[in-house]
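Per TrEMBL, the features are as follows:
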DOMAIN    41-145  domain 'Anamorsin N-terminal'
BINDING   CYS195, CYS204, CYS207, CYS209  [2Fe-2S] cluster binding site
DOMAIN    226-264  domain 'Anamorsin C-terminal'
MOTIF     234-237  motif 'Cx2C motif 1'
BINDING   CYS234, CYS237, CYS245, CYS248  [4Fe-4S] cluster binding site
MOTIF     245-248  motif 'Cx2C motif 2'
Amino acid sequence: MDTTTMKGSLLAFTDDSVLSINAVSTAVSELGIQGVEQCDSKIITQASSLNQLPVESSSFETVICICRSVEFPTDRLFEEILRVLKPGGTILVHKNRQSTVGETDKIASALERKLLLAGFLEVGVLKSTVPSEVQSFGVKAKKPSWKIGSSFAIKKATKTLPKVQIDDDFDLIDEDSLLSEEDLKKPQLPQVDDCEVGSTRKACKNCTCGRAEEEQKVQLGVTAEQINNPQSACGSCGLGDAFRCSTCPYKGLPPFKLGEKVSLSGNFLVADI
């Protein structure tokens with residue numbers, strides 16, 4: 001990060017027992033940040049024993065944490081920092097530790113991960129601009145500009161139908177011109193005999209097709225000749241109703257032998273129950 005000037009309210013805390021405003025200014029100036037003296041500052045020491053920062057929510061624009069211990073600050077303190085920062089506020093975690101480059105990168109990576117999990121954005125590592133035997137670095141992040149639980153209306157893009165331009169000079173084909181003289185003729189329905197229209201229609205008054213005789217046979221039922229000397233043109237009438245056709249005159253009678261009188265048993269008309 002390039003040189004940055006702080007403005008507004010500032011909260012600085014540490015896990016050490018003593019922390020002066022000059023120490024805070026010196027620590028952040030190593031990371032290229034100036035203007036700590038002009039801020040309205042508040043300092044909290046021995047913050048490692050705290051579970052909650054004794055300040056109101058959304059009351060500081062910048063929070064600086066100067067750490068001596070590797071475990072500080074805890075995940076709970078990161079949640080508190082997110083609470084006390086104003087929307088869009090900045091947090092700066094400063095580490096001043098004598099360690100190798102590999103250990104420094106590992107500590108910085110762990111701090112970045114904690115800040116992201118706490119809900120901060122734009123997390124980045126700041127390297128010290130002052131040569132020293134003790135390596136100092138910082139991790140900077142920002143609180144989101146929106147509050148937890150806030151809602152936003154999603155604007156849906158309105159879909160517009162494509163415009164179709166019709167050329168009036170374009171030659172259109174008359175659909176009637178596609179029809180021939182045969183297509184324009186009214187179709188002639190075939191004439192059907194009155195007796196053949198509909199299978200359930202009754203025979204006409206002057207029937208000559210034989211339907212009247214067939215209907216008369218059905219109405220009269222089985223004749224005495226058919227009872228005394230039953231005959232079958234198909235050979236299946238004597239087998240029972242399961243083998244008889246729909247127009248069989250013996251339909252409903254018990255099975256019989258051809259040529260023998262059809263007789264009913266004595267208990268045929270007696271109720272089964």
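Using N, Cα and C of the backbone, Cβ positions are placed for all residues, glycine too.
Between the binding-site residues CYS207, CYS209, CYS234, CYS237, CYS248, the minimum number of other C-beta atoms within 10 Å of a residue's C-beta occurs at CYS234. Local packing around the binding-site residues CYS204, CYS245 was summarised as the count of other Cβ atoms within 10 Å of each Cβ; on this measure the leading residue is CYS204. Note: the domain 'Anamorsin N-terminal' (41-145) comprises 31 helix, 40 strand, 34 coil (DSSP; helix = H, G, I, strand = E, B). When Cβ-Cβ distances below 8 Å are used as the criterion, the motif 'Cx2C motif 2' (245-248) is approached by residues 214, 218, 234, 236-237 of the same chain, each at least six residues removed from its ends. Comparing C-alpha positions, CYS248 ([4Fe-4S] cluster binding site) sits nearest to CYS209 among the binding-site residues CYS204, CYS207, CYS209.
The shortest Cα-Cα distance from CYS204 ([2Fe-2S] cluster binding site) to any of the binding-site residues (CYS234, CYS237, CYS245) is found for CYS245. In this structure the C-alpha atoms belonging to CYS207 ([2Fe-2S] cluster binding site) and CYS245 ([4Fe-4S] cluster binding site) are separated by 25 Å. Rounded to a whole number, the C-alpha distance linking CYS234 ([4Fe-4S] cluster binding site) with CYS209 ([2Fe-2S] cluster binding site) is 23 angstrom. The two recorded residues, CYS209 ([2Fe-2S] cluster binding site) and CYS245 ([4Fe-4S] cluster binding site), show a Cα separation of 22 Å. Taking the centre of the Cβ atoms of CYS234, CYS237, CYS245, CYS248 as the [4Fe-4S] cluster site, the nearby residues of that chain (Cβ within 8 Å, site residues left out) are SER232, ALA233, SER236, PHE243, ARG244, THR247, TYR250.
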